[in-house]
Amino acid sequence: MLKRISRGLWNYRRIIILILTPLLLLPLPLVVKTKEAECAFVLLLMAVFWMTEVIPLSMTAMLPAILFPAFGIMKSSHVAREYFKDFHFLLVGVICLATSVEKCGLHRRMALKLVSMVGVNPAWLMLGFMSGCALISMWIQNVSAAAMVMPIVEAVLQQILKAEELGCAGNVNPNLQMDEKKKSVVLVLLPLLPVMVYFPPFVPLKVAVCVSANVRKSERDRMMYKAMSMGVAYAANIGGISTLPGTSPNLIFSEYLNQVYPECNCINFGNWLLMCFPIMSKNAFIKSLSQEILRFLYSSGQQSPQEIFTGIIFVVMVLLWLTRSPGFMPGWASLFPDHTGYITEATVALVLGLLFFIFFSVNAEAMITWEEFRSSMPWMVVLLVGGGFALAEGTKVSGLSVWVAQLMTPLGDLPVLATITVACIIVTTLTEVASNAATTTIFLPILSPLAEAIHVNPLYVLIPTTLCISFSFLLPVSNPPNALVFSYGHITIMDMVKAGIGVNVIGVLTVMMGIATWGIPLFSLDTYPDWAPVHPG
């Protein structure tokens, strides 16, 4: 009987959550009847809907456009302005570049070239795969990076297993020297401790480059597939944290900072890269494979004019981002002294993205078409982020942010690093069951008042928590790269949980080390800035 009832409740869970959540929160606007309580009603309602996904995330993001005018918190026209910001122009330009990269196949050439450069040692080749995936993920969406690299990994593994099927006799060549008949490769221990603990070290594997009709997977082969698959997912997630356009939490954080602290000019492409690239490098150092197959794949086919043009635009975009306003020296933005702050990374991305529609390929067609761009543009993220900006503005206008700041003042008695660590653990836990973008939009309006309340530089709290939101490694539903890799069928949920816990711990510890060492002088985190408000104690 109880089992039948529980099954029935589970089947109707969406309807139950949709009805029960607003009913339980109704005392806030009906009993308390303050603007802060009404805004809290909207915030909590959106948080529950975002975490449970009872309706699409982008539709939940539209609730401020309905509820803020209804409660008299903001006019409808004012709410609408929050749904399209500088962030969206940056996203448009980056997606134009990503679309062209995918269309011309530059991503495959980049990944294979990087992998083929690291030598014949299988461990270094695996590191090459992950480095390639992380490098691509720095500039385009994480799921796109995983989707680009995973088929290459799959093809190489298939070739290795086919070769093993027919080349299993004889001794392993310890020096990995190759002749025309046989080529051998030794799989070594995984450098990443959590994965090494869960997956037993690989036994030396001899491979002859040949073709077999049927491939039988041994336990060792399955372990290799698991480690490689999860390595790609980890690299895609970790690589995105090192640049502002690399992942949605970084972009949301950047625009939130511009919106809430307009006088703060502390964050730019260059110093963010200086802060986060070492963190990415330490987290992304993992595993192993074979060079000759990769060299063959890379050498097949000449570079097309589309690839060359896309590569040039990519390099120019990165250079312009790095040199716009590096901080330690005047950038090219100083050439416009009468328009300080008018030109941003979004301006650069949009100008260069437009070139893909202007310049023509050898077939007299545009480098990318509108249909190709439209299919690549993450419209759900556009609306989701816009809803987050509207929510953040609502908390400010209603006074909810000030109320939260006063409520959290007692936390000032704790050591700063202890407070930040607790915040990082909370967001790292919740991002496993909620989308990264949704977790960011929920917590930024809460954490910035917390920093103001304890009189700590808001960047000291917001930067590490934003980075930790990207550390969602435990479940397939935690982020799109995990889901994509899981769909290949090589790993189970328990595989991801067991290995992901260790990676999460390493990620949080690395971020805390980075923010407490080179992050302090880089962003002047040890002083309370004049661009942040001061609340009475």
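Just so it is clear, glycine is given a Cβ too, placed from its N, Cα and C backbone atoms.
What TrEMBL records for this protein:
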type: TRANSMEM; residues: 12-32; note: transmembrane segment
type: TRANSMEM; residues: 39-67; note: transmembrane segment
type: TRANSMEM; residues: 87-106; note: transmembrane segment
type: TRANSMEM; residues: 118-140; note: transmembrane segment
type: TRANSMEM; residues: 185-215; note: transmembrane segment
type: TRANSMEM; residues: 227-247; note: transmembrane segment
type: TRANSMEM; residues: 267-285; note: transmembrane segment
type: TRANSMEM; residues: 306-322; note: transmembrane segment
type: TRANSMEM; residues: 342-364; note: transmembrane segment
type: TRANSMEM; residues: 376-394; note: transmembrane segment
type: TRANSMEM; residues: 414-447; note: transmembrane segment
type: TRANSMEM; residues: 499-520; note: transmembrane segment
Inset, instruction - Quick one: find which recorded stretch in 12-32, 342-364, 414-447 has the most Cβ pairs under 8 Å with the transmembrane segment (499-520). - result: 414-447
Inset, instruction - Run the contact check on the transmembrane segment (39-67) against the transmembrane segment (227-247): 3 or more C-beta pairs under 8 Å, excluding pairs closer than 6 in sequence. - result: no
Legend entry - Positions whose Cβ lies under 8 angstroms from the transmembrane segment (376-394), at least six residues beyond its ends: 39, 42-43, 46, 56-65, 68, 73-74, 78-79, 82-85, 87-88, 91-92, 95, 98-99, 102, 141, 144, 248, 251-252, 255-256, 259-260, 400, 435, 437-438, 440-442, 444-445
Legend entry - Surrounding residues of the transmembrane segment (306-322) on its own chain - C-beta under 8 Å, 6+ positions past either end: 93, 97, 100-101, 103-106, 109, 139, 269-270, 273, 332, 345, 348-349, 352, 355-356, 359, 361-362, 367
